[in-house]
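J.: According to Swiss-Prot, the protein has these features:
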- 69: N-linked glycosylation site (CARBOHYD)
- 70: N-linked glycosylation site (CARBOHYD)
- 105: N-linked glycosylation site (CARBOHYD)
- 1-20: signal peptide (SIGNAL)
């Protein structure tokens, strides 16, 4: 019985050490969510930038929630995906809408973007919003 208790205490202690060592980047545990904390968007969006929570989209044009108007705007299409993210200790995980999962060590993250081919940058001179007249509805 004592061995089991000591084992559980050891697991909890190692989990806390991992959490505290990564807390400067992402901090503690995070239950599965479509809406990570605002102060963590830079982290989550750096490694899987196609997640919808990384973008503010209006009228088919999306601007980065992390880098704002100073970044390239994109056209809203299949590139922008609904993602859920979670963190347990040093394991960060993305669950993308097609039941695709990407896991990584939070303290040693790696970019992952299989949807990059679908990304289309919006250029003001090339893509313009058409003003419709009443009879064009």
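Backbone N, Cα and C atoms are what each Cβ position is placed from, and that goes for glycine too.
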J.: Quiz question: given the glycosylation sites 69, 70, 105, which has the greatest number of C-beta atoms lying within 10 angstroms of its own C-beta?
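T.: Per the Cβ count, the most surrounded site is 105.
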J.: Round to the nearest Å and give the CA-to-CA distance linking residue 105 (N-linked glycosylation site) with residue 70 (N-linked glycosylation site).
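T.: About 29 Å separates the two Cα atoms.
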J.: Let me know the DSSP-derived helix, strand or coil state of residue 105 (N-linked glycosylation site), please.
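T.: Assignment for residue 105 (N-linked glycosylation site) reads strand.
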